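Visitor: Have a look at this one.
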């Protein structure tokens, strides 16, 4: 009983704290472009752009348990949709976003159908070979895509009323898109479709018995995930103003997956950490040598899989719960002597033992990678 | 040159490149049989083995002496990787294992770039120039050599698996690890052996393909996709299937590049994609594979 009371108390105590954190985050996010130099603002913008793609990949890999080594292809599809529309039809920037989103949604839907019959390894094979195939295809479709020269289009220009510089305006646009995308991903996971997706990931057979339509939800996961990647690619074109087949080689797909794994699979803010990783680590490591980013990336992926399968995001949660667990072992159980236990200990104890409340994102963060093995290996 | 000879010429060239795909596919199949995973880093392991061979030759060793040394190094390297990288995630979900091998892919690729730089290197051609003329179809010695080497590797693997006690033990582990362990087999060591063998077979494919493609860290990326297609076509648990699949994919690729205008030389890489998709949709177990029966 007292645990419940304690939970309610911490929940009530946590709400203003959470609101404060959110407010602080918003303040930092809004203030950043006025504080940093234009190049740094550009880098932050790119982090936000990648975060959208990673949020989409997370829906598929982290929450859906399906593997994609070809998400760079959807990213490229979104980027090229925007570039071609701007280049040939001169529709303003804003018009390209819904088209890229819808186009990639359909593309993902189309890809999701064969994906139904492929699981695990085979899906990884097909998506990887798709990612390898795309750049030569883009080069071939020269009349539309500009071939290997690529397309140069206008960057997003700030409207006169805003009084912002180009980099600041693009940052705010990317921030808006990323915020909407992350919120959408969060809400999607709490909807009927999201719960169905988690059920499918954790145990396909059980989910099917419960009445979840496997084919529908697995295909939809692919489609949503492709939509996010497409939107991300579209904003990429707005920010960079240039697309070429070589920017979307299969290395991009692998980098996206690597970023997500390091950031934290099946975590809500893992994509943000992963995107920062994808953006900054290569540029830091590049100073050492051309090959250094790959060495760091590859090593980190393996190490993360060994020691922290929940990625950076999960690491924070794990450390917190580890710190929380320590004192409870030494102090008496809080529900027997709630008064004698120090206040902080009672809070942390209830944090680790309390049943997950639906409004709490932590359980999703703390979940292990992917699904538990579907079928026991003999 | 008549149309028929031209076609035969293309087929011969297809078989030549198919033999290389077959040997890498063989490495993939070996690992899949033993550990149930598809090793995305297989091509990169072959590439780094090829660099070892190049380094030995560049430091003055003769090619035919450098080859066995390279194979031995690859064997040891494969065993080491199984022990250090794969064993800890042996019982993890499939997703984790795929990600680990992808991590290995990135790491090995970058390490090769770090050590030997990304500039293209000339790899010595072990086979003599020229060739023989069979009814108007020209067969290069190098093509014949590649086919012969892959055939020898196949034969040795067959002898190892079917006619030695080590092979019997390895088959037992591939068939049923738990049962093998209960009958006293050190399963861990056998798995290391399997990875060592796979790395060696992969190294052969790297050394064979290097004179044709030139040596650079991204050399095996394309070959790997073809090997995937070959293994999928033949069935991921069938060594014979891997070889047949490799030859078929090689011929299909060459013919598609030569005769289908839409595809041409640049879109040939679409052939493995289509092959993989078609096989998985029509006959997921591949030509020679056994259909997996799964108890949910």
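Just so it is clear, glycine is given a Cβ too, placed from its N, Cα and C backbone atoms.
Okay, so TrEMBL annotates it like this:
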- A:41-61: transmembrane segment (TRANSMEM)
- A:68-86: transmembrane segment (TRANSMEM)
- A:92-113: transmembrane segment (TRANSMEM)
- A:120-138: transmembrane segment (TRANSMEM)
- A:169-189: transmembrane segment (TRANSMEM)
- A:220-241: transmembrane segment (TRANSMEM)
- A:247-263: transmembrane segment (TRANSMEM)
- A:291-316: transmembrane segment (TRANSMEM)
- A:326-378: region 'Disordered' (REGION)
- A:329-354: compositional bias 'Low complexity' (COMPBIAS)
- A:362-378: compositional bias 'Low complexity' (COMPBIAS)
Visitor: In the same chain, who gets a Cβ under 8 Å from the transmembrane segment (A:68-86) while lying at least 6 residues past its ends?
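Guide: Those are 53, 56-57, 60-61, 93, 95-97, 99-101, 103-104, 107-108, 123-124, 126-131, 134, 138, 144-145, 151, 153-154, 222, 225-226, 229-234, 236-238, 243, 247-257, in sequence order.
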Visitor: Counting CB pairs under 8 Å, which listed stretch among A:92-113, A:120-138, A:169-189, A:291-316 touches the transmembrane segment (A:220-241) the most?
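Guide: Most Cβ pairs under 8 Å with the transmembrane segment (A:220-241) come from A:92-113.
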Visitor: Who are the long-range neighbours of the transmembrane segment (A:41-61) in its own chain, taking Cβ under 8 Å and residues 6 or more past its ends?
Guide: 32-33, 67-68, 71, 74-75, 167-168, 170-171, 174-175, 177-178, 181-182, 185, 188-189, 197, 221-222, 224-229, 231-233, 235-236, 239, 256-257, 259-260, 263, 265-267, 270-272, 274-276, 278-280, 283, 370
